[in-house]
């Protein structure tokens, strides 16, 4: 027995290897039908059979590892064809990564054809089958166990887990695993692929995972390829997009800037608080020192603080005049003499002056016949040579203008969520209210009704199909409608399609929807329905475009639907549509422009009331009524109306002159300039009229001499303010912002013409009105005589003048009040400086709409529900060489492409979407073209005889592959071959056999020029993340430009000299905000600089006066920023125009007081400040403050938010800040640090009035 035992053991050792390595099959060929077009395999337990020669090409394509020797396999040609058909779906998604697809093919090739099947396949259920053709008895394999090595499964999964499906911005496994990619692993992926309930597997295959033999079965443990490994010498590793280990570390966004803080508080607050406290300490310390000094040297403690000893204010007055004093006095005297003579001439010759004034007005205003009002937002907000404008023009030239869109956001507030329970297994899924089938049917009815809208144009009926974008036209005339209903082919029958029996529903619209949101480009949902997901227009419907209100990846919990189509008569239809189950927010391409026009029309009445109040006040306030009996004689209604007409005429002249030049008007010019010129013009009118009313006619002085003398006194200050404003506005026209540039030109010319008409036409009219009054004729009814009380016209002081002279000025300039004024105003200034950097930039779109606009509801829904932003196109300018391997690698994102290629950098940016605001991986025409032209796919085929393109859907044996299935053929096409097939790709329509056709997706993305010899400009499209605020839009544009700049620099470093730039429809509107801070600083600085120069010259080189006036104006501007922060007014083109205007109006508030101070000959600064405020304060207060205040208050009732915010709030702030600074702060500041008396001017004035009544008036 001992001798037999070794022999028995040897026999067992010999038998075991024979069992493991023997070739034996478990099936061969196909038998009965499982379901649909799926068939069972026939059970077969014999050795492998030789493969017929007509299957060699197919075997080499699918399973090249078996293509050696005599090729005996466990499958026939039909099984290979079925394998190829079944692998079309995974090939579309996984072939991007050759090693991933290689491992997958290994799994299925071993399953289908391996000559060693019996080692790892175990048939567990069969059924008898009779072949209807041969009547041969066969056996169907109904269930099977597939023993798979756990390590093989893990390595296959690891090679595939990062593979992207760019069309849906999902991981490919999210489509192939039956669940979200984050929940997919090696085992449940393979289990899903082998589960017959997925609609693809013909029978159940149960995978059993183990690396060790189980029950005599040896698991399939073939070698795998990692995604960073090459499959063969031709193909390289997977791309960085599809294999994270190839990329290296994931890019990280730069750290968020740390807020500038001191002691845990905002740094600007701390700095300005400390600065303000230091100022108060120094200021009040200085006052205390002066007070002590005064107590020491003076008996009376009430001696003025700025007395001769305290500040030596008049010490220099006792000496000789400085070198600049005679120059200033001479210049002032020259202006006075010139205006005196001119005023006398105008009063003596009113008919001539008025006639030529009317001729001038008529000639200039006639240009209004050529007026052109631009409402094009691009022209309003974007400079012709700005970067965004040039890039828009480049995009429009090469790819066509961006199409017009209409969009609806639909909610179902009266419908509840419902739970979908997949059969026979799967997690329950919650569907939001709009995804109720009945709601979807109602929405589809609405969509069909919109598509059926027609209109008449040139006596022809126009339909949607006549004007819509149809990317597959003329082969497919379906319009581009981006709607969730396109998942159901916009068909009620497809929406109702379901498969089931009397007990269960196996697949219905839930099943199809869940598949389509993961694979929107699919032409077969792989369920029992087998319905396509691709839109009827030939393009994909991305879920992030048509679904919203969901969290993260749970698309099916949406609360609304977004739909985009292209048509007209859309607004009226949707407004009139009624459905109690649907709440609809919508917008059309023309909606914003229509609502702006409606807004302007709706606020015409409000604006008219505003101007009417100002006109009425001006007409009544100019008169000085001394008694009821002379009410109609002393009133100056007609003169006030004439003054208003002069102001409006100056505006009309300005508009006319620039209309002659072809410059278009804007709404800002029309709305703002009348307000500005009215403020400037009316102030000058009040100064001129009230100065006359207070003046005593000298002995033997005629009316023309008196008015000439008065004009000589006040015209220089009118000239100072008007010319300062004109220069400020004209210099402001240097701005590159169209809105500011246009406004500045029109405003500057209007102010200049207004000044010229005031010192000519208005002076003549004033002379005529005085003559009427002297003859006791009624105002307006000048031919009717009035009551003569025998007193005639007497010089008198108005109540307001007496209030300023006797009460306000003395009170304001008291010693105890002046320091408080300085402290308060400097405190407000410090606060404004602290918050300047916190003023928001941009313009909320909803603010430009009327309060009752339907567009506001759309904006609210847009911000609340949408999960994607506007599309963004990364444009590669014409000239790049796509035909070389190097040039392709710089751009593409697939296998073998550079890790810093164009597509890869955009993909990396999308990975950091919270920072870059690029939400999704780009659609890449060049990568899809390489997939399309690859010989492994069935997309690119040619007719053998004609070499013309043969679409993949055509069944014709004469159609052959474009490129051979050889190592060379598998490489990317280059040179002429690249250009040979590219036009075919761009004209190929997607179909069930090939979903990669580029006609719908890329026909407009690639410019082929030079008779199809080279590629011109191209773009790569993606989407921004959802953008809600102006800050979001601005940041998105900045980040996209940053990404494009990095791409350009990378490509330039590799030898390409062509630029990449981003383009989105909103860039041209938001580009202004990238430089708005610089533009604001530039415009306001230039305006202030010009005001300083003009003031310096007109005041006769009074340097310190010019400095003080500009400091006060600068304080007003800074405080305007403080008001903007407090009142939620953002910085944009509209507010910048108002800031430039406020700079001009501030001149009115400050220049008259400043000049009056410099012309005063009083002994001390306090006295001179008091005289200046008394003489000019009442005119400034009544001419600007009261005039504007009444009109501004009415604007608070405007329906438009933009009027209420940017006009009422800012205008009110301008008037209040200007009045308080000009009438309170400036006199106090001058009383402290005002310039000393110009001794030459004092001497000249004293000599001029020596021995006259005016000498007494100079020392009132």
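Every residue, even glycine, has its Cβ placed from backbone N, Cα and C.
Sequence annotations record features per position, and here TrEMBL assigns domain 'SSD' to 603-768. Per-residue confidence over the domain 'SSD' (603-768) averages 81 (mean pLDDT, predicted model).
As annotated by TrEMBL, signal peptide applies to 1-22.
Below 8 angstroms of C-beta separation, residues 260-261, 305, 310-311, 819, 822-823, 826-827, 830-831, 833-835, 837 of the same chain, each at least six residues beyond the ends of the transmembrane segment (267-291), sit close to that stretch. Per TrEMBL, transmembrane segment is recorded for 267-291 (among others).
The transmembrane segment annotation in TrEMBL covers 345-370 (among others). Among residues of the same chain six or more beyond the transmembrane segment (345-370), those with a C-beta under 8 A of the stretch's C-beta atoms are 649, 652-660, 662, 703-704, 707-708, 753, 757, 759-761, 763-768.
Among the features that TrEMBL reports, transmembrane segment is placed at 604-625 (among others).
Per TrEMBL, transmembrane segment is recorded for 637-661 (among others). Here the transmembrane segment (637-661) has Cβ contacts under 8 Å with residues 360-361, 364-372, 615, 618-623, 669, 673-674, 677-678, 681-682, 685, 689, 745-747, 749-751, 753-754, 757-758, 761-762, 765-766, 769, 779-780, 782 of the same chain, all six or more residues outside its ends.
Panel annotation: around the transmembrane segment (667-689), residues 373, 375, 380, 596, 600, 607, 611, 614, 618, 621-622, 636, 639-640, 643-644, 646-648, 650-651, 654-655, 710-711, 714, 717-718, 721-722, 725, 739, 742-743, 746-747, 750-751, 754-755, 758, 762-763, 766, 1133-1134, 1137-1138, 1141, 1144-1145, 1148, 1152, 1176, 1179-1180, 1182-1184, 1187-1188, 1191, 1207, 1211 of the same chain, lying at least six beyond its termini, place a Cβ under 8 Å from a Cβ of the stretch. Feature annotation from TrEMBL assigns transmembrane segment to 667-689 (among others).
Per TrEMBL, the feature transmembrane segment maps to 710-731 (among others). Here the transmembrane segment (710-731) has Cβ contacts under 8 Å with residues 332, 335-340, 342-343, 680, 683-684, 687-688, 691-692, 695, 744-745, 747-749, 751-752, 754-755, 758-759, 763, 1086-1091, 1093-1095, 1098-1099, 1140, 1143-1144, 1147-1148, 1151-1152, 1155-1156, 1176 of the same chain, all six or more residues outside its ends.
Annotation comment: TrEMBL describes 743-768 (among others) as transmembrane segment.
The feature transmembrane segment is assigned by TrEMBL to 1081-1099 (among others). Among residues of the same chain six or more beyond the transmembrane segment (1081-1099), those with a C-beta under 8 A of the stretch's C-beta atoms are 328, 331-332, 335, 716, 719-720, 723-725, 727-732, 734-735, 740, 744, 1105-1107, 1109-1110, 1113-1114, 1117, 1136, 1139-1140, 1143-1144, 1147, 1151, 1154-1155, 1158.
Residues or ranges marked as transmembrane segment in TrEMBL: 1106-1127 (among others).
The feature transmembrane segment is assigned by TrEMBL to 1133-1151 (among others).
The annotation transmembrane segment is assigned in TrEMBL to 1172-1198 (among others).
As annotated by TrEMBL, transmembrane segment applies to 1210-1233 (among others).
Most Cβ pairs under 8 A with the transmembrane segment (1133-1151) among the ranges 743-768, 1106-1127, 1210-1233 are made by 1210-1233. Residues 306, 675, 809, 812-813, 818, 821-822, 825, 1104, 1108-1109, 1111-1112, 1115-1116, 1119-1120, 1123-1124, 1127, 1129, 1135, 1138, 1141-1142, 1145-1146, 1148-1150, 1153-1154, 1157, 1165-1166, 1168-1170, 1172-1173, 1177, 1180-1181, 1184-1185, 1188-1189, 1192-1193, 1195 of the same chain, all 6+ positions outside the transmembrane segment (1210-1233), place their C-beta atoms under 8 angstroms from a C-beta of that stretch.
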